[in-house]
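Residues or ranges marked as S-adenosyl-L-methionine binding site by TrEMBL: ASN36, LEU38, GLY63, GLU85, ASP111, ASN141. Residues or ranges marked as domain 'Ribosomal RNA adenine methylase transferase N-terminal' in TrEMBL: 43-234. Summarising the annotation, TrEMBL assigns region 'Disordered' to 331-350.
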Amino acid sequence: MAAPGRVATFRLPPLPTIGEIIKLFRLKAQRQLSQNFLLDLRLTDKIVKQAGELKNAHVCEVGPGPGGITRSILSAGVEQLLLIEKDARFIPGLQMLSEAAPGKVRIVHGDILTYKMEKAFPKHLKKDWEDEPPDIHIIGNLPFSVSTPLIIKWLENVSKKDGPFSYGRTQMTLTFQKEVGERLTANPGGKQRSRLSIMAQHLCSVENCFIIPGQAFVPKPKVDVAVVHFTPLVQPKIQQPFELVEKVVRSVFQFRRKYCFRGLETLFPESGRLKRTEQLMMAANVDPTLRPFQLSMSQFRNLCNTYRKMCDEDPSLFVFNYREELKQKKTRNLLKSTTQPEETEEEDQL
């Protein structure tokens, strides 16, 4: 029995080690799925610690694999743990953990990219966006192949306050390839400053917590791994729809080494392109000779706000697709070049 006035801590019963689980169920990391196992429980404990206070919290772990981080989450005394695992080979090992923590673990065999997170947690946990974050956390050692599309998807959810963020400002603690972690947290002027930097930092407080050396994983990846913590902001730094912000930011970074003017040109159709780009940059008060990575968040905000006004005046502008225009132009040129010689041959015969 727990001592009076003290809450009893949850302890997992003796279990096979993660290495033994891997041998027992003949688990092997699949390179095509960019799987890497983390066996050192001191490191999994350190990852979980970055999430903050998890006592009686509700946690969703993405891609638990053989269950290293899962053990650390359960040892932190969570109320409920939802495990979403795409690879069926890991389910039996996770069920063993579920049996060791009765009533605490729910296992879903599915893909996190399509799983409906709006119904993942009890309704009573919901908080207003302006309040402190809810007692809900997302934690995951993500495969490299899924990490970037997944964080972009979740950032869109943050912007729209849906998915796991329909409960409030749900916090995330996730692993990324070291270079991706550096992009997520890069400051203006930094060599890693990118589209990902702007999309993440305008919506969240982003912290690069620590680096895990590649040799800590099995099999050893060619790169080190960054643990990154996200807390959604009460007010986004750019108050425009996610799709509009992403379109402007993607255009700016399309020609990363050139002046930002060159990328912004791709927002406009060929007829009137130069004039409209000049209008955009002048109204946004942005120096056209700055490189994309040199632009500050406030400059991106000005560009997005000005572009929004231009789209309101000309609704066809937002649906304009630069790549589609290029494609059509190439097709026309190709048709021209294939029909021209035939006409010349006919003239020669005549």
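The backbone N, Cα and C atoms fix where each Cβ goes, and this holds for glycine too.
Owing to the predicted nature of the structure, the values given are computational and were not obtained by experimental measurement.
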Most distant Cα pair in Å, residues ASN36, LEU38, GLY63, GLU85, ASP111, ASN141 binding S-adenosyl-L-methionine: 21
Number of Cβ atoms other than its own within 10 Å, given for ASP111 (S-adenosyl-L-methionine binding site): 11
Local confidence of the prediction over the domain 'Ribosomal RNA adenine methylase transferase N-terminal' (43-234), expressed as mean pLDDT: 95
Sequence-distant neighbours of LEU38 (S-adenosyl-L-methionine binding site) in its chain (C-beta under 8 A, six or more apart): THR44, GLY68, ILE69, ASN141, ILE212, ALA216, PHE217
Binding-site residues listed as ASN36, ASN141, least Cβ neighbours within 10 Å: ASN36
